[in-house]
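Annotated transmembrane segment per TrEMBL: B:9-28, B:40-58, B:70-89, B:101-123, B:152-181, in sequence order.
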């Protein structure tokens with residue numbers, strides 16, 4: 001009943017704004033020398049990581065939506081739920097960067113990543129439910145190892161935030177790299193079908 | 001004459017920005033410990049409520065537009081009027097959150113919600129007028145109980161803001177929940193037609 | 001060669017952001033009482049005026065684009081030029097509001113309105129040139145009284161800013177009202193053609 | 001597999017936000033006289049230059065995408081890489097403007113321009129690789145003199161930033177003008193094909 005186009009357009013809009021608004025946390029320093037940029041280095045580092053995360057979400061969302069044939073009210077709200085978690089990324093990115101990766105800020109960053117991952121999983125499950133177990137998405141995901149590994153890695157990263165933030169950081173980066181490696185499951189399944 | 005697509009795209013853009021810009025009211029605190037987040041809790045609470053409200057408006061707008069066949073100048077301006085009220089939501093959300101739900105801020109929050117509800121009602125009426133009483137939207141709305149109950153609940157919430165803000169808060173949350181419950185009137189009417 | 005859709009989408013995006021970003025000039029006050037909102041009243045007044053102006057530009061742009069059949073490089077840059085002037089509206093709106101309509105701020109507000117009006121006129125002329133004098137747009141505009149009256153009223157408003165800002169304000173509001181009155185030239189011409 | 005439309009829409013969204021968000025660096029001054037605007041003049045100058053740069057990128061991106069027939073994962077990530085560099089433009093623009101074109105800020109501005117130019121080149125190469133050497137884009141670019149001259153001019157501008165910022169500024173403006181001169185390569189090649 002609902003058109004896929006408008007849910008995609010709205011999601012694109014929100015993600016485009018999130019990814020661009022994050023850069024506002026890079027507050028222009030008052031001094032004009034290179035050393036004035038020093039305090040911004042951790043903010044910049046967290047910005048790069050979050051930029052990649054939002055880009056991955058956009059990419060995966062794009063592919064997943066490709067398989068959707070009809071948008072129900074439940075899919076729409078599951079999508080809003082995902083956007084809610086992602087909308088918190090600029091805040092946690094800024095907090096983590098400005099406080100030089102304090103344990104609490106790394107912990108919260110992980111919580112938001114975990115929340116987004118679970119929201120994505122719920123959205124995925126909702127789509128599969130309404131399209132059937134033999135749908136393109138269901139077959140493409142298969143065992144969905146990446147989808148299952150991510151929350152485990154996030155939870156580990158959250159747990160280690162008060163022990164050693166470098167372990168947490170390494171885990172959060174590892175998940176990003178894992179998703180950056182091309183994943184052709186959906187593309188392949190779509191091609192096989194034709 | 002006018003294309004439906006561009007009014008939808010503009011509305012989507014504005015709503016996507018409103019929903020994302022609200023998060024900027026969550027100002028990154030200078031300290032890096034959990035207790036530094038404490039003052040943000042009411043801001044975060046009001047953010048969640050407003051996020052849900054904007055999402056509901058987007059959802060309902062989406063469905064309503066589905067039934068529109070031609071966009072007149074009056075529809076366009078009624079839509080702009082709605083966007084004007086919604087554009088004030090980030091401000092009232094921030095004011096309410098930062099002042100720990102002071103009576104005045106809860107009052108104003110209710111006024112903006114009421115303004116948006118009336119603007120939505122005007123837009124709806126404008127569309128029905130230009131499409132006829134037997135149009136899809138007119139038939140789908142029926143008695144439009146929700147649409148009529150909302151302003152009454154808002155007005156009650158506004159009136160109680162100086163008596164007890166918890167009553168106001170409960171009423172504003174109640175309206176949100178009422179709209180979250182799936183409303184399949186338009187979908188059903190469209191389906192019956194085919 | 002170039003597709004009309006993407007220039008429309010980009011313009012919609014920029015206008016949607018301009019109209020929404022302006023609201024950020026309404027800085028959330030620290031106090032939670034009504035009197036804390038008092039200093040914001042002039043900012044709010046200038047916000048309403050600018051909101052209507054951007055809405056008018058979006059509306060007129062929308063109609064004008066309707067008549068465009070091919071987008072040349074010159075049209076594209078004339079459009080960017082218009083967006084440049086409109087992008088300055090949030091700044092002049094904020095400056096005017098925060099300084100309680102000081103002469104200088106009203107003067108500058110008028111300059112930006114004039115710049116946008118001239119940029120719109122250039123865009124219009126560019127489109128007519130590339131589509132021919134018998135094109136829909138050329139015939140629809142006719143003598144283009146509104147388009148010619150606006151700059152004159154703006155210039156008068158700019159000139160009176162250092163004499164009496166109320167005259168300037170009245171003139172800027174008058175132009176907005178003039179454009180709000182439905183203008184069916186393009187719609188009628190398009191209809192006549194069919 | 002992937003649709004061209006959504007990558008265009010996302011890019012349009014990000015560029016529209018970047019171009020509009022830059023204006024927020026023009027902080028509304030507290031005084032209401034003309035002299036209060038004086039400190040903003042360099043910020044305004046850098047804003048104009050960056051506005052033109054983003055507009056050029058949007059324009060060129062638009063034309064390049066016109067020749068794309070299928071979007072691979074590599075193209076998508078090359079595009080994200082370009083958006084990353086462009087997302088840094090508001091920050092470097094603000095820093096350069098607020099510090100009256102200090103050597104370090106001009107240097108960094110050049111670095112970001114160079115980064116964006118290289119990212120654009122990578123995106124272009126990626127598209128040509130996946131579409132073949134006889135593709136429209138490959139033939140349209142020919143020797144791609146502009147594309148090759150730009151990085152050289154940027155590097156010269158970066159190198160002279162600590163000698164004389166006026167040379168750097170002149171070079172960065174020169175590149176912008178070079179791209180503003182209509183470039184009909186792609187349009188011509190597309191036309192020849194039909």
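Here the Cβ of each residue, glycine as well, is placed from N, Cα and C on the backbone.
These figures come from a predicted structure and were not determined experimentally.
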Please report, as numbers and ranges, the same-chain residues at least 6 past the borders of the transmembrane segment (B:101-123) whose CB is under 8 Å from any CB of it.
42, 46, 53, 57, 60, 64, 75, 78-79, 81-82, 84-86, 88-89, 92-93, 95, 147, 150-151, 154-155, 157-158, 161-162, 165, 168-169, 172, 175
Between the transmembrane segment (B:9-28) and the transmembrane segment (B:152-181), are there three or more CB pairs that fall under 8 A, provided the residues in each pair are separated by 6 or more in sequence?
no
Given the transmembrane segment (B:40-58), its same-chain partners at Cβ distance under 8 Å and 6+ residues beyond its ends are 12, 15, 18-19, 22-23, 25-27, 29, 82, 86, 89-90, 93-94, 96-98, 100-101, 109, 113, 116, 120, 172-173, 176, 179-180
